[in-house]
2 protein chains.
Amino acid sequence: MRTSIATVSLSGSLTEKLTAASRAGFDGVEIFENDLLASPLTPEEIRARCADLGLGVDLYQPLRDIEAVPEDEFARNLRRARHKFELMRRLGADTVLVCSSVSPLAVDDDALAARQLAELAHLAQDFGIRVAYEALAWGRHVSTYDHAWRIVAAAGHPALGTCLDSFHILSRGSDPKGIEDIPGEKIFFLQLADAPRLAMDVLQWSRHYRCFPGQGGFDVAGLVGHVLRTGYRGPLSLEVFNDVFRQAEAGPTAVDAHRSLLALMETVGATALPPPVVPTGIAFAELVTPDTAPVTARLAALGFARTARHRGKPVDLWQQGDARILVNTGPAARRDGTQLAAVGLESPDPAGAARRAEALLAPVLPRRRAREDVPLDAVAAPDGTELFFCATGHDPRLPDWRSDFEPVGHTPDTPGSAPGVTRIDHLALTQPWHQFDEAALFHRTVLGLRAQESVDVADPYGLLRSRAVTNADGSVRIALTVGAAPTDDTVRAQHLALATDDVVTAARRFRAAGGRLLPVPANYYDDLAARHGLPEEELATYRELGILYDRDAHGVFRHCYTTTVGRVFFELVQREGGYRGYGAPNAPVRLAAQHAAR
Amino acid sequence: MRTSIATVSLSGSLTEKLTAASRAGFDGVEIFENDLLASPLTPEEIRARCADLGLGVDLYQPLRDIEAVPEDEFARNLRRARHKFELMRRLGADTVLVCSSVSPLAVDDDALAARQLAELAHLAQDFGIRVAYEALAWGRHVSTYDHAWRIVAAAGHPALGTCLDSFHILSRGSDPKGIEDIPGEKIFFLQLADAPRLAMDVLQWSRHYRCFPGQGGFDVAGLVGHVLRTGYRGPLSLEVFNDVFRQAEAGPTAVDAHRSLLALMETVGATALPPPVVPTGIAFAELVTPDTAPVTARLAALGFARTARHRGKPVDLWQQGDARILVNTGPAARRDGTQLAAVGLESPDPAGAARRAEALLAPVLPRRRAREDVPLDAVAAPDGTELFFCATGHDPRLPDWRSDFEPVGHTPDTPGSAPGVTRIDHLALTQPWHQFDEAALFHRTVLGLRAQESVDVADPYGLLRSRAVTNADGSVRIALTVGAAPTDDTVRAQHLALATDDVVTAARRFRAAGGRLLPVPANYYDDLAARHGLPEEELATYRELGILYDRDAHGVFRHCYTTTVGRVFFELVQREGGYRGYGAPNAPVRLAAQHAAR
């Protein structure tokens with residue numbers, strides 16, 4: 001199917017928008033009137049630019065407040081429409097969107113609306129143009145798709161059809177099943193947008209909070225299914241008004257937009273993508289650092305051993321139980337400071353995982369970094385984190401990344417032999433502010449992970465939002481986090497949470513080895529006593545070590561934090577009884593303590 | 001009356017919040033539980049810090065989900081409460097807030113609620129503590145103030161009273177008149193917040209969008225009037241949850257907060273401030289620039305003449321009609337680049353205007369810059385713009401700022417003698433992102449201007465918001481503008497709009513004198529033709545010069561723009577027939593053209 005995007009969904013000048021849409025792989029665009037008015041290019045130049053970029057001008061939008069008005073007003077509207085049809089001829093656009101009237105002049109008279117729309121379509125036909133009539137959710141008299149369709153049917157003009165818009169239909173709670181009663185050839189256009197479920201005024205909701213399919217709470221795929229069953233074969237076109245996208249760079253937004261459409265098309269069976277290969281564990285996390293000492297001192301105190309060194313690069317492997325951490329002091333480290341730069345995901349089919357990622361527009365990274373390296377499939381996540389698809393010894397036919405490493409003589413503790421770290425529990429990655437929803441969509445569609453609800457966390461200097469993506473058994477958990485504002489660099493900390501079966505002993509061992517744990521205020525423990533009635537002795541231990549405590553319906557969570565190096569800190573976590581969260585209720589105390597420790 | 005603020009209304013650590021509240025002049029604070037939990041200070045240290053800062057601990061908040069629960073649950077709640085009462089004794093807080101329960105365990109049984117609250121109050125009394133019971137707008141069974149009061153009355157315990165919160169009352173549309181039925185001594189606390197009128201889920205509305213009284217759409221003063229008539233003499237306390245304040249610096253937020261309370265107290269007759277002195281015109285606008293040539297070339301081409309020079313400073317006065325522009329090349333210019341740094345406002349009582357500003361916490365600037373200068377009353381606006389209160393020849397008893405200037409021989413055109421600029425129509429000032437609402441409140445309360453509705457304007461790289469403040473006859477108009485995000489410096493342009501009776505001739509003259517007007521795309525004029533049916537000749541003129549056109553119910557607006565110097569550009573505007581706006585529908589085209597011209 002043809003994919004299209006409305007220019008209003010992207011930021012920048014019209015030229016920037018067109019370039020971004022083309023690069024992301026769209027087949028066409030809807031040109032939004034204001035983008036054309038503000039462009040120094042003539043309609044002919046815009047047409048040529050689109051042709052050069054391989055983009056069709058699929059829709060010009062919109063004509064407003066046209067129908068069901070007194071005759072003198074309608075005469076003026078026809079005059080205005082003629083101007084626009086002349087413009088569309090120059091632009092090479094053959095479909096115009098007419099939104100149901102919001103004008104106070106409009107009357108509640110379907111027959112009049114039908115007659116005037118037929119007259120408009122008649123004029124349009126002279127220009128080779130089709131009119132697509134759409135019900136705005138806040139239209140004055142016409143606000144539902146079936147109502148708009150009844151008027152189109154009554155008008156009975158070949159150049160008049162309807163335009164369906166998932167936002168206008170689903171935001172009103174209309175049942176999209178009735179779409180199947182419309183003949184496919186009378187659906188002239190299909191606009192798609194998702195939105196978070198918000199109880200707010202529908203006009204504000206529409207203008208500021210729309211998002212790409214799969215990012216919100218609507219069943220956009222279900223709606224598209226109904227539309228396809230009518231025989232509709234026109235474009236799937238994204239029309240997303242969103243305050244964040246307006247500020248974001250057009251290029252990445254267009255890629256995210258196209259990815260959402262591809263995933264949607266897969267869901268409705270309109271395209272076949274390589275199937276998802278869900279990761280089955282975390283193979284490693286890679287830290288880059290310009291100065292190894294603060295990082296390796298923490299790792300050593302946590303009980304990690306340096307077990308191997310890369311044959312060709314300044315990268316060490318530190319291991320404890322099944323937790324593997326690479327410490328890289330290569331060029332990236334000197335550029336960016338200490339941070340989490342890459343994640344290895346265990347994959348039953350690394351090449352398949354990479355094929356799916358590529359089909360969903362993730363940048364594929366070179367398979368070999370150096371000639372002698374083991375080939376590894378890897379892509380870049382939207383935040384720039386490199387994701388490696390690995391087979392760590394689980395399939396002898398697949399290359400093992402560890403072959404690039406030379407043992408250095410130290411062996412890690414056997415899991416269970418000491419009460420240390422058993423595995424990586426989760427990773428927390430800070431996302432670019434403009435792409436928080438895209439990041440969740442990426443991890444869901446590309447990696448086949450499940451996205452949990454997003455939660456707000458109060459930092460002393462603004463609200464953070466956090467959303468976890470996980471596989472079914474929780475062996476892969478990634479917390480995506482974003483700050484309150486685009487510049488919120490005070491909270492751009494990433495962390496690595498390490499699972500242990502005994503956080504108290506692990507914390508004691510860390511301290512005894514010279515590690516410093518984040519101090520937690522005494523007031524926190526007084527409150528814990530008030531809330532949970534824990535034994536005084538247990539509380540005293542938590543107090544001594546700075547261990548935080550949470551409970552959910554499934555179990556108990558105990559956790560503590562190291563101090564921060566660069567952008568990175570470590571967390572020791574002990575999950576019991578199937579606790580599912582990440583200690584979010586404790587996050588404000590942790591964040592305040594981190595600010596205080598700066 | 002005593003003024004107080006909840007620590008949750010300010011950003012930062014508890015210490016930072018307390019310092020900011022004290023510096024802004026508050027008498028007390030409500031300490032929010034999470035702020036205490038996250039603080040490394042003990043309750044005793046917090047108490048001492050507050051005492052040092054002259055702050056009372058007026059409320060500790062909150063206890064939640066206490067009442068109308070099964071007995072075993074209530075026993076646990078009492079245990080928890082006892083912990084909190086012990087804490088409050090250490091903290092020196094004698095009133096605790098109890099919010100109506102949102103727990104799924106709570107039952108709809110007022111008698112049970114009253115009995116349990118009385119029992120809680122009985123326990124509190126042992127600690128010298130009073131319990132203030134408040135209805136949350138989203139409480140499970142108790143969500144209105146009168147319901148909460150009925151339960152308090154039924155409980156009949158001397159240590160139990162009610163807490164009223166303007167947000168919870170007004171967001172539900174409750175009639176606040178019934179407040180007068182509550183005896184004043186049973187109102188233990190009064191929390192105040194305003195909010196914009198939003199049709200959204202009340203919990204989200206409350207948690208993210210509250211604002212200070214006078215910034216939103218509620219009649220907070222009316223509510224306070226009812227409360228005062230009961231005989232209530234406790235604190236007026238601000239409790240504002242707001243995503244923007246969470247990120248803003250605590251110091252300025254606290255000042256804005258206290259200003260809003262002072263203005264509220266004035267409205268309800270609880271305090272007397274120097275009366276507002278509404279400005280009657282714009283005496284001058286002052287540009288600072290490190291390089292005069294680009295600015296003065298534009299001024300000269302616009303028809304301004306350099307008429308005088310400051311006796312002691314590198315400041316020139318440029319004049320045309322009643323428009324006066326100071327061009328300052330002093331030290332500030334070298335620091336900040338070309339920008340609008342000060343505004344002179346004609347005032348019938350400059351000293352009175354400054355007294356009011358000072359009473360409303362505006363920083364007062366030194367009356368004399370140099371020993372020989374004429375004394376001038378001036379304050380700083382929240383965005384740093386200096387506001388001078390002037391008497392430009394309208395009262396011989398008052399000093400005239402022009403006495404500091406020495407004529408240089410050029411005389412300006414007499415108004416009307418040439419079709420040039422007659423006066424300054426309006427100024428557009430970019431506001432700090434975190435303080436947009438505060439800026440409007442400042443101009444309204446301090447200067448006595450009227451704030452108009454705020455409008456959204458689409459810039460290619462994000463939405464801008466703009467709000468005009470004006471005096472009654474429109475001789476003072478200031479447009480306050482803010483970008484889409486805290487860092488949105490691409491749009492931090494200020495401008496000076498100059499009124500003319502003939503924008504076409506003024507624009508021609510500017511061009512003929514070598515000035516460059518902002519080019520406007522041809523597509524804009526095609527659309528103008530489609531919309532308004534203007535004569536082709538008139539359109540051709542606009543097209544040639546880049547003149548934009550708008551209409552409202554009152555009249556017509558024609559305007560055009562110079563190119564930008566530093567952060568500043570000029571606009572020529574012609575208002576006809578009482579047009580009231582600022583050409584907002586044309587702003588997207590203008591903004592896109594400005595981006596293109598960069």
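Every residue number used here counts from 1 along the chain in the order it is shown.
Just so you know, glycine gets a Cβ as well, placed from its N, Cα and C.
Site annotation (TrEMBL): Mg(2+) is bound by A:His426, A:Glu571, and the candidate from A:His394, A:His495, A:His532 recorded at this site is A:His495. The candidate list A:Asp108, A:Asp109, A:Asp110, A:Asp165 contains one residue that TrEMBL assigns to the divalent metal cation site with A:Glu134, A:Gln191, A:Glu239, namely A:Asp165.
Across the domain 'VOC' (A:281-392), mean pLDDT in this model comes to 92. According to DSSP, the secondary structure content of the domain 'VOC' (A:281-392) in residues is 26 helix, 44 strand, 42 coil.
In sequence order, A:Asp425, A:Leu427, A:Ala428, A:Ala479, A:Leu496, A:Ala497, A:Leu498, A:Phe569, A:Phe570, A:Val573, A:Tyr582 are the residues of the same chain, not among A:His426, A:His495, A:Glu571, whose CB sits within 8 A of the CB centroid for the Mg(2+) site. Around A:Glu571 (Mg(2+) binding site), taking its Cβ as the centre, 22 other Cβ atoms fall within 10 Å, counting all chains.
The record gives A:Glu134, A:Asp165, A:Gln191, A:Glu239 for divalent metal cation. Within 8 Å of the mean position of their Cβ atoms, the other Cβ atoms in that chain belong to A:Leu97, A:Cys163, A:Leu164, A:Ser166, A:Phe167, A:His168, A:Phe189, A:Leu190, A:Leu192, A:Ala193, A:Ser237.
The secondary structure of A:His495 (Mg(2+) binding site), as reduced to three states from DSSP, is extended strand.
On the backbone, the CA of A:Glu571 (Mg(2+) binding site) and the CA of A:Glu134 (divalent metal cation binding site) stand 53 Å apart. Same-chain residues at least 6 positions away in sequence with a Cβ under 8 Å from that of A:His426 (Mg(2+) binding site) are, in sequence order, A:Ala468, A:Arg477, A:Ile478, A:Ala479, A:Ala497, A:Val573, A:Tyr582. If you take the Cα of A:Asp165 (divalent metal cation binding site) and the Cα of A:His495 (Mg(2+) binding site), they are about 41 angstrom apart, rounded to a whole number.
The DSSP secondary structure for A:Glu239 (divalent metal cation binding site) is coil. With respect to their backbone Cα atoms, A:Glu134 (divalent metal cation binding site) and A:His495 (Mg(2+) binding site) stand 48 Å from each other.
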